[in-house]
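Peer 1: So TrEMBL lists these for the protein:
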- A:19-376: domain 'ABC-2 type transporter transmembrane' (DOMAIN)
- A:20-41: transmembrane segment (TRANSMEM)
- A:168-191: transmembrane segment (TRANSMEM)
- A:222-246: transmembrane segment (TRANSMEM)
- A:267-294: transmembrane segment (TRANSMEM)
- A:306-323: transmembrane segment (TRANSMEM)
- A:335-352: transmembrane segment (TRANSMEM)
- A:358-379: transmembrane segment (TRANSMEM)
Amino acid sequence: MNKLWIVTFETFLRQIKSWSFVALVLGPFIIFGISMGAGYASANGADSGSKIAVISNEVEMREQFIKTNKSSVDKKVTTVSDAKKAMDKNKLAGYLILNTDKDQIKATYYGTSSIDSSLKTKVITFTSQIQQQLNYAKAGMTLEQVQQLQRQPAFKEKISKKTGTAKIAKIISFWVTVGMVYTILVTYTGITAQEIASEKGTKIMEIIFSSTTASKYFIGKVLGVLLVVLSQILIYLVGGWGGYLIAQKASMTKDIMSQYHTLINSVLHNLLSINLVFLLLGVVIYTILAAFSGALVTKAEDASKAAQPVIMLSVLAFIVTFPFQNHLDALPVKILSYVPFFSSYFMPMRVINSEANVWEIAISLGILILSIVLMTFYISKIYQGLMLQTDDSSFWKRFKRGLSYNK
Amino acid sequence: MLDVKHVSKEFKTVKALNDINFSVENGQILGLIGQNGAGKSTTFHSILNFLQYDGEITWEDKPITDTVFDQIGYLPEERSLMSKLTVEQQIVYLARLKNRPAKEIRPQIDTWLKKFAVKGTKKDRIKSLSKGNQQKVQLICTMIHDPKLIILDEPFSGLDPVNADLLKQAILEAKQNGAAIIFSSHDMENVEELCDKLVMLKNGEIVLDGTVSDVRNSFGKTHLFVTTDWTKERLEQLPKVTSVVERESNRYLLQLADESAGKEIFTKLTDGKYIEEFSQQPPSLNEIFRMKAGAINE
C-alpha cells in the first residue's frame with residue numbers, strides 16, 4: 001500500500017508542478033478576469049463623452065429631469081458657454097435647453113450628432129408628463145376629471161416563468177455538463193497517455209518493476225492523474241463559488257445575477273448532483289484506457305500519438321450526444337446511458353431532464369464501476385509485459401506479445 | 001542465497017533458457033558471461049520475475065515476489081533515469097520504492113556522489129549531467145539502499161578504467177557487507193578479478209560453471225610461457241608441443257597437447273641450468289570464452 005501511495009504522489013506532484021497544469025487551471029480564471037476588466041473599462045470609458053448638460057432657467061424642472069436621468073447628465077454644467085467648452089473638449093455629447101414658453105414646454109437639443117435614441121425617448125416622456133401636469137393645472141379640472149382623463153387601456157402578458165426557466169436551465173446544464181466532461185476527458189487522457197508512453201520500453205521501468213509490482217505502479221499512476229483531476233475540479237468549485245458570491249454583490253453583475261437567479265441556481269443544481277459522480281467516473285475509465293493506450297505505443301518517442309484512440313472515442317461519444325439533445329427519450333439515449341465510455345455523457349443528460357429514475361441511475365453507475373474494476377484488474381495484470389517489451393512490430397503483435405510476455 | 005533451479009524460458013519457437021542451474025551464496029560474486037543473445041538478460045529478467053518461466057528461483061529459500069524486492073538492487077543493461085528530476089529527487093524516489101525513508105537516504109547522497117566522483121551536485125537535474133555521470137547516479141540508485149541481492153547487467157560498459165575501478169571498489173564493499181552479487185560482463189579481466197564463480201551461457205544453456213580457477217584448470221595447464229635463447233624451430237621439436245608463438249623477443253608461448261608433458265619439457269629445456277621464465281598455465285578466460293563461444297554446442 002505504501003509503495004502505491006509513493007507512486008501516486010510522485011505522479012501527482014510532477015503533474016501539478018508542471019507549467020501545463022498551472023496554465024490549464026488558471027486559464028479560465030485569467031480569461032474571465034480579462035473579459036470582466038475589459039467590460040468594466042469600456043463601460044466606464046463610454047460614460048464621460050456621452051453625457052449631456054441640461055440648461056434651464058427653471059431650477060425645479062432641471063433638477064427633476066436630472067433626478068430621473070442621473071447617468072446621462074453631467075449636472076455640473078449649468079450654462080450654454082460652459083457646455084460649448086466641454087463639447088469642444090469632447091467631454092459632453094451635447095446640451096439640452098429646457099424652458100416654458102406661454103404654457104408650452106420647450107426642449108431643444110444642441111449637439112454634434114443626433115441625440116441618443118433612448119435619451120430622446122426619456123426627454124420626450126419627461127416633457128410630456130410636465131406638459132400634461134401643466135395642462136391639467138391650467139384647465140382647472142377636478143380631481144375626478146383628471147383621473148378620468150388619465151385612464152389607460154389594460155394590457156397584461158402572463159408568462160409561466162418557471163417552465164421557461166426550467167427549459168433554458170436544462171439546455172444550459174446539458175451544454176455545460178457535456179462540455180465539462182469533454183474538456184476534462186480530452187485534457188487528461190492526453191496527459192495520462194503521454195505520462196505512461198514516455199516510460200515505455202525505458203530501463204527505468206525495469207528498475208521500478210524490481211522495486212514494486214506492475215499493478216501497484218499502474219494503479220498508482222492512474223490514481224496520481226485522478227488526484228490532479230480532483231484538484232482541478234476542486235479549484236474550479238472553490239473559484240466558481242467565490243465568483244458566484246462576488247457576482248451577487250458586485251455592482252456590475254448584481255442585476256444580472258438577481259434577474260437570472262432561478263436559472264443559475266437550477267443549472268448549478270443540475271451540475272452539483274449525481275452528474276458530478278458520472279463525470280468523475282468517466283474521467284476514471286477514460287484515464288485507465290488512456291494509460292493502456294500509452295502502454296501500447298512502440299516506443300517512448302511515440303508518446304504524442306498515444307492518446308489518439310482514446311480521444312477519438314471521447315470525441316465520438318461527445319458528437320453522438322448532439323442529435324439527441326432535444327430527444328432525450330429516444331431509445332439510443334437509453335441504451336448508451338448504460339454503456340461505459342458513453343454513460344458519462346448520456347446518463348447526466350437523462351438526469352438533467354428527469355428522464356431516469358433512481359434504479360436506472362444506480363444500474364448505470366454499477367455497470368460503470370464494475371467496468372472500471374475489471375479493466376484495472378486486467379490491465380494491471382498485463383501492464384508489466386506491455387511496458388517492458390520494445391519491439392517495433394504491429395499494434396496487435398505488440399498487444400499479443402505483451403500478453404504472452406508476462407504471467 | 002540466490003538459487004536458480006532448472007529454469008527454462010521459451011519465446012515462441014526460440015529457447016531462450018534451457019534448464020539453467022546455479023546459485024550465489026551471500027558474500028559471493030558470480031560473473032555471468034556469454035555472447036550477445038546467449039540468455040544473460042533473460043536470466044536476470046527471470047530472477048526479477050519480469051517473465052514467466054519454468055523452474056524455480058528463490059532468494060533465501062523464498063520465491064522472489066514484491067516482499068523480496070526491497071532487498072534487491074538492480075542495474076539494467078542500458079542506462080535510463082527520469083531526466084526531469086534532480087539527482088536527489090531521483091535517488092530518494094527509487095530508494096523510497098525500496099521502502100527506505102527519504103530522511104534516511106538524503107544525508108547519504110553527498111557521500112555516495114563523492115564515492116563515485118560524480119561531477120555535479122544533488123540539486124542538478126539528471127538531464128544536465130553527462131552520460132557517464134548519469135550512469136554513476138544510476139549505480140548509486142542501485143546500491144544506496146544497501147541491497148542484499150545485487151544484479152548488475154553489464155555494469156562496466158561505457159566506464160573508463162578509473163571509473164571502472166570505483167565501481168569495482170563499490171562491488172567489493174557490498175560483497176564484504178554480505179551481499180550476493182551477480183553481474184554480466186564481456187570483459188573477462190573484470191570477471192577474473194572480481195568473481196568467485198562464473199557461469200557461461202551459450203544459446204540459453206550453461207557451458208561453463210564453477211570458480212574461476214576451477215573453470216580455467218578444467219581446460220588443463222596447456223599454455224607454457226618460456227623465456228629462452230632456444231629458436232622457435234628447436235622448441236617445436238619438444239614432446240607434445242603442438243604450436244609455438246613468439247610473443248616477444250626470446251619469449252614464447254608453447255601450446256601443449258597434454259599438460260603432463262610439462263615436467264619432461266622442463267628437464268630438456270633447462271638441462272639443470274637457470275631459466276628466466278617457465279610458467280605453465282591454463283588458458284585465460286578470454287581464450288576459454290572464445291573457444292566456448294566458437295564451439296558447436298556439445
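Any Cβ shown, glycine's included, is placed from N, Cα and C.
Curation plays no part in TrEMBL annotations; they are all automatic predictions.
Map the listed features onto the structure and describe their local environment.
Peer 2: Here the transmembrane segment (A:20-41) has Cβ contacts under 8 Å with residues 187, 191, 228, 231-232, 235-236, 239, 243, 252 of the same chain, all six or more residues outside its ends.
Note on the transmembrane segment (A:168-191): residues 15, 20, 24, 225, 228-229, 232-233, 262-263, 266-267, 270-271, 275, 278-279, 282-283, 286-287, 289-290, 293, 307, 310-311, 314-315, 318, 321, 325, 344-345, 348-349, 352-353 of its chain, located 6 or more positions outside it, place their CB under 8 angstroms from a CB of the stretch.
Sequence-distant neighbours of the transmembrane segment (A:222-246) (same chain, 6+ residues past either end, Cβ-Cβ under 8 Å): 4, 7-12, 15-16, 21, 24-25, 28-29, 32, 184, 188, 191-192, 195, 253, 264, 268, 280, 283-284, 287-288, 291, 376.
Note on the transmembrane segment (A:335-352): residues 170, 173-174, 177-178, 181-182, 185, 270, 273-275, 278-279, 281-283, 285-286, 289, 313-314, 317-318, 320-321, 324-325, 328, 360-361, 363-365, 367-368, 371-372 of its chain, located 6 or more positions outside it, place their CB under 8 angstroms from a CB of the stretch.
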